[in-house]
Amino acid sequence: MLPAVCPESSLTDLTDECTRAALTTAVPAGVAFLLLVARLTPNIVKSRVLSWTPQPFLVLDEAEALLYPEDATPTSQPTASRWSLQSIALATISWLQLVAWSVIAILHRDSFAAVVAATWLYAALVATLAPSRTAPYGLFALWLAFLVASIVDFGGLLYNRFALGEADYPTHEVLYAKVANFVALVVAAGATASMPLATPSPKVLEQLAGEKASLVSPQDYASLWSWLTFAWVTPIIANGTYNTLNPSDVWDMSPTLAARPTFRKFSSILPGQSFLRRLVSAHAYDMLRHFALVYASVGFQYLQPFFLNRLLASINGISTPAARSQALVYALLMFAASITKTETDLQYLYLCRKTSAHLRCEIMSGIYEKSLRRKDYSGVTKKDASEEKKEGEGEGEKKEAESADIGRIVNLMSNDAQRVSDFVIGIFMLVSAPVEVILCCVFLYYVLGWSAFAGFATFIVILPINHWLTKRSIRISEGNLKATDKRMSVLNELITEVKFIKFFAWEQKWIERALEARKVELSWIVKDRINNSFFGLMWMTVPSIVSVTSFTVYIYTGHSLTVPTAFTAVALFNMLQNPLNLIPHFVASLLRIGVSVRRIESFLKEEDVPDDISALKRAAPTAANSSDVLGIERASFVWNKPVSPDDKKEKPKAKKRWLRLSFWAKEPTEVPAPVKEEEEEDTPFELRDIDVVFPSGKLTLVTGPTASGKSSLLHALLGEMTQSSATGRVLIPKNTTQVDPDTGLKNCVSYAAQTPWLQHNTIRDNILFGSPFEEDRYWAVVEACALKPDLAILDDGDQTEIGVRGVSLSGGQKARVALARAVYQRTKHVILDDPLSAVDSHTARVLLDRLFRGALLKDRTIVLVTHHVELMLPAAAYVVRMLDGRIDSSGTVAELRTRGVLDEIKHDAAEVKEEPAKSEEETREEQKKDVNKPRTLVEDEARAEGRVKWSVYDTYLKASSYWTWAGIVLLIIINQGFRVGQLLWIRIWGSASSIPVEAPASLAHSSAFVIQEATQMTLRPGDALHAHALYGNATTNALPSADENPMFYVAIYAGITLATAVSGLLTNVIEYIGAYRASRILFRRLLISVVRAPFRWFDVTPTGRILNRFSRDVEVLDQSLSSSLGMFLGKGISLPHTSCQTISYVLPAFLIPAVGITYLYYRLAYGYLEAGRDLRRMEAVAKSPVFQSFSELLEGIVTVRAFSAESRFLDGVYTKIDTMNKMWWAFWMTNRWLLYRFDIIGAFAVLATALLGLASMGSEGNFAGWAGLTITSAMSLTMSIYWTCRFITQLELDLNSVERVIEYLDLAQEPPAIIESNRPPAYWPSSSGGPEKPLLAVENLTIKYAPDLPPVLHGVSFSLQARERVGLLGRTGSGKSTIAMSLLRFVEPAEGKILIDGIDISTIGLQDLRSNVTFIPQDAALFSGTIRDNLDPFGEYSDEDCADALIRVHLVSTRESAFASAKPSRAPSIASAHQNGDQTPPSPDNASTVTDATTRVDDARQSVSLATKVSAGGTNFSQGQRQLVALARALLRRAPVIIMDEATSSIDFDTDAKIQATIREEFGNSLLLTVAHRLKTVADYDRLIVLDQGNIVEFDTPLNLIRKQDGHFRNMALKSGTFSELEAIAVAAANNKPSST
């Protein structure tokens, strides 16, 4: 087209007026034409095109609709008129321009003007007919096209006038018109840039008008200019510069980035497909945009050296006005390319972080959502270390499935999710590195010909090594992640049960166990670093090997290696080094990401509960799928067990070999061992042939012996067990929308677990559990559940924060709060798992009268597991008796009584407790020790303020050794010396040549970036100061000619390059050694400090907060901190220094603008560092609630699902994730803000350097070399300062983890475990002392829980003899538990002392004390491993002793069964033996049918042996079984002093009687001090201590006390209702006769 319009002009000749006119007309017209086509394209065509192209993941309108579904108003809809001041201005300018250009076209018959007028006609019509209150992107692109055209046109005129000296110059009128046109375009572009990107929706406007206006993110509603320059981030920087930022100072996440809409949208994309495929499909559009922007950035990056080359070529000779003008043009073009690249970089880096934010939300929310619907595997046992080691010994065997425990889930959340989301940030390597390699290879071929491919052939030799290292990297990554999972599992178990560990003085054992897991993890980290070192060495030396090979072949094929050829080739080889270094790291990172993706997908594929059980999966209720009854129809159940992938029917398709390096390719790293025939697995517990329907609107009692399956029945009813029978079904109503109009009850379930699960919240919030507050109903529930007296003694009443796991409440209070939660919900069906076991007889009767017989439970179906059958029988309509996993008897109360079964059931059930643990009348004294209790139990997590203190640096440097960092600094200096040697040798090489060092003209024109790279060879970090030496004279007389002996110089250069690589490798190795040492030492100190912390600290510190220290903060110590410090020392200090000094040395005039530039850099960097530091610290703090919510959820998942509360919990974690992400997002946006401004300032610095250089050059020229040096130094200055700020920020971020670790290193500690100078004798404490020497003496003991609180015990004194059995009695809050705790030094005396066998316990170590005094708590805890490990973790006893202990507590029946139990240990029920004939099983339609079917002795009951595996927390055992194991521990230890917090509340009556007999027999040689919860237990003891308000009010034998008129003990006995029985027991004990009862 151009030849037809301008036949005598060239397309590239912008000095020609016709060419300029044609181009400045065609470009805007072309833009307008494309916009017109897009507008006129029919919607049906657009929809078809869009149907097969990737779409944006989440736009603002859609995000707000998902975030505010109740008020989903599209943001694009105008609130009033579509016109604004800006749109009016655009329309006015467009019409004026149309008129002006039309007049010009008509008057001058100018076709170019006519085309411009037509273009303006389009703009005017769009601005008038389709006005918008938001920025019109199409018109803005048109304005920019017009602006560029105007600049080119006007610039051409100036160039022709001043550079070429043309006399033909436009008239003043034409110049004025061009200026007016330019001003109009600037105004139009400015008006468009001031328009917002979007208008707020009504919901957002409501927020902007309210108190949360400051939290609304401005990024979606910022102006176009603010968006392009990231000015919308400035307020955070400005605030953080002078103030410490707080969470309220940071905007909320944009709706397009919020967790809820992000995950909801992600969930709708390809459901059922693989996780990786869904990720790719969801973000394909953003990734394509990302790639396009990266390519554009690479293009603009290569334009800069091209323009630099042309600039240098223009001044490489005699200076003329034309040469100067031409150089000025190229300087301006280089500036424009730099500005454009800056904007491109800003957008694609923003896009990277946006995609990363989406991935964080999708993965973390997905893991949490999966946790809400996956089966509960908490009782699944794990393989121990020996079994894991054996996995690799077999081949081709079936792999055992494993479920994710809390340690692994935390690791998935903290590490794997972070790794996957961070990967997209560096994905530009996938795009840019291969392009750079290809370009370098093309130009190398141009320079060296086919000889270049000889060098490339060396890659073939390297590929097998690379393949081996890559496969090894996969194995190491998988092993490392598994080791981290194991460590986190051990730590979670340790932290969760740390109190129990302290009871038995097992701290050191668990510290060693955690350190052993840590040792395995560190071994994998060492392997990974060795692997990375080989990777780095290999690819750092590749350019040298390739260059030497290519040069050698080039010379021996008859070519002459001239200096220009060598210089150009060396420059290209050096350019090849960076992408070659990046590619292997990228591949290794890609493989590690593949491991993380597979781990996440493996978790997401774990089996879910049935659809009708999960509220997240349940279909909309209909008449067909809704049930009004509660029960189970002819079904059997087993506990959930993970399904092995090999068990799945569908086999994976064979993959091609070339896919092995992809995400989905998995290298076989572990081969499971074959199962030996002689190995017997533990017999799993099973519910068999369950067929029961609970009467609607009535109370059903479920009872039975310990471990008979009572709780399992409820779990099966709730859908939490796996149905093993082919037929049958669970009837569980969960229709939360079906409300009975008469009662207002919903046809769904509420539940109270046997072990109460409470949230870290207030008492009221725990009771409400998300339901609306109904005042009358709420207080009625509090009254009925006997909680009112408890609330009265708390300063904050029901607003009292109860802490993690309800730590600030007693066991009885926790049980009643959980009971109140189940009752308060308006549910038709209430399932209660033994809530009465934690309350006394008086409170039980209160609950019976006020609750179970009251209005709150009227017309509600209640299933109650209890041993208190006789108490609850008057209110019950139906009774179910469980035995060995079967329903032994069931029927109405009347029918069971008629058949004589009811008496047996009452006999087997445990009797009602007499003495309250937390009675209604006595709880008024509760917690008097905390009368001044603060309102907040758990304080917000602390975070440091201001700069990182030197003490933090000092702690890390000491841990890693100062000598380590001294060696690193020395190696950095040596490395820099080698780099200087490279430059010096190049200079010597050039001096030894007779040919001038310059590239061929053809290559310079076609590949200008090579010249720039050759120039930059003199500008490597730390070398610019030597520029003068490089350009100065060098003595080369003693060296051979470079033209005659080129290989000499090639070999020396290769040797120096290799030495540089080796010194860099040594630096990394020493850095790794220091990091390993610091990680090992700091982790050990952190672990010991936490484990040795006092009881109270664990009460007020959430588990998630502690786990965050051991997960993310420890990962920083392991992975990135040493690297950050090394980068700061190696590059962060030297880079900007050398560049600035080089420019100042060559061009002193630069010092003038350098002052202003330096000030701007300082101000920007200071604000960024101050704000960024606070944001990173807040992010670290915000992670803890996320981890805590996961830990809390996994413990109470059964309760959450029972209440159908999954959606509410998911919404809660959305908020926590958004709180964490908004700190992370704000930090990275401030980083982009800084990068943009640094790049802009850098572009101006380069322009100023070029202009000053042009102004300083003399008429003789010869300034090209110096100009290249200064300009390239200026180009590197900006990025070096930016990266220095990044290094500092990253270092401070990583040191924030050290800060958080140090915070826990300084925790208050318990007294020393062992005091070597005062250890008790080996026989201590001895029971051989006479009456004159008491075994335990308490003298004037006064206890305070805090110095500012009143005493809990007031001068208590008593002495106890060896072998005595003494009971501790008293109302709650009287001081019973305080005395018990003080004997173990969990509470230190304010006054007085405690003597055990004559030794003051405050003078000996805790290990010596607690290992010789046994404490049996009421809530027993078991640990992962085997029964043997739990009984004897130190291996101090034989297997026979352990087996005998199990027999004595009646957990097994014989020694043989203790070693290999394969049969149940209980005989058939007595009721079954008296039945004559078969009985008919109950019909689902007739709930009152009596069932007394004989129970066969089979494997339905779980077998127990020493080898039986125990899951974390012992969740695969019933609570009664856990208490029996705790008693077995005490029997095994046979300590002279035993303190027992009566631990048989969850054991059936028959077993309890046997246990009490065992205690009397086995503990005969021990002083037994029992904190009594029921009077019958201690009625036959030797003496009783009765406490009241911290004083001993009675201390005598039971008989004397029960006969003491108006005595405290006598009043307790009278109140219990069993006075006669207690008196008889006391009399029998006094007469040394057994009781008749």
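From the backbone N, Cα and C atoms, a Cβ is placed for every residue, glycine too.
Under the heading transmembrane segment, TrEMBL lists 20-38 (among others).
Within the chain, the transmembrane segment (88-106) has long-range Cβ neighbours (under 8 A, six or more residues past its boundaries) at 113-114, 116-117, 120-121, 123-124, 127-128, 131, 136, 139, 177, 181, 184, 187-188, 191-192. The annotation transmembrane segment is assigned in TrEMBL to 88-106 (among others).
Beyond the ends of the transmembrane segment (112-130), by six or more residues, the same chain brings 21-22, 25-26, 28-29, 32, 35-36, 39, 87, 90-91, 94-95, 97-98, 101-102, 104-105, 136, 138-139, 142 to within a C-beta distance below 8 angstroms of the stretch. What TrEMBL records for 112-130 (among others) is transmembrane segment.
The annotation transmembrane segment is assigned in TrEMBL to 137-159 (among others). Nonlocal intrachain contacts for the transmembrane segment (137-159), taken as residues 6+ away from its ends with a CB within less than 8 angstroms of a stretch CB, comprise 14-15, 17, 20-21, 23-25, 27-28, 31-32, 35, 38, 90, 119, 123, 126-127, 169-170, 178, 181-182, 185-186, 188-189, 192-193, 224, 325, 329.
Residues annotated as transmembrane segment in TrEMBL: 179-198 (among others).
Summarising the annotation, TrEMBL assigns domain 'ABC transmembrane type-1' to 296-592 (among others).
Among the features that TrEMBL reports, transmembrane segment is placed at 423-446 (among others).
Residues annotated as transmembrane segment in TrEMBL: 452-469 (among others). Proximity of distant same-chain residues to the transmembrane segment (452-469), defined by a Cβ-Cβ separation under 8 Å and at least 6 residues beyond the stretch ends, is recorded for 441, 444-445, 531, 534-535, 538, 542, 545-547, 549-550, 552-553, 584, 588.
Per TrEMBL, the feature transmembrane segment maps to 534-556 (among others). Sequence-distant contacts of the transmembrane segment (534-556) (same chain, at least 6 residues past either end, Cβ-Cβ under 8 Å): 444, 448-449, 451-452, 454-459, 462, 465-466, 469, 473, 566, 569-570, 573-574, 576-577, 580-581, 583-585, 588, 1046-1047, 1050-1051, 1053-1054, 1057-1058, 1060-1062, 1064-1065, 1068.
Positions annotated as domain 'ABC transporter' by TrEMBL: 659-909 (among others).
Among the features that TrEMBL reports, region 'Disordered' is placed at 911-935 (among others).
If you look up TrEMBL, you'll see 966-1293 (among others) marked as domain 'ABC transmembrane type-1'.
Residues or ranges marked as transmembrane segment by TrEMBL: 1047-1070 (among others).
Look at TrEMBL and you will find 1143-1162 (among others) tagged as transmembrane segment.
The transmembrane segment annotation in TrEMBL covers 1234-1257 (among others).
Among the features that TrEMBL reports, transmembrane segment is placed at 1263-1283 (among others).
Sequence-distant contacts of the transmembrane segment (1047-1070) (same chain, six or more residues past either end, CB-CB distance under 8 Å): 532-533, 536-537, 540-541, 543-545, 547-548, 551-552, 555, 561, 566, 570, 964, 967-968, 971-972, 974-975, 978-979, 981-982, 985-986, 988-989, 992, 1039-1040, 1126, 1130. Across all of the domain 'ABC transporter' (659-909), the predicted model scores a mean pLDDT of 83.
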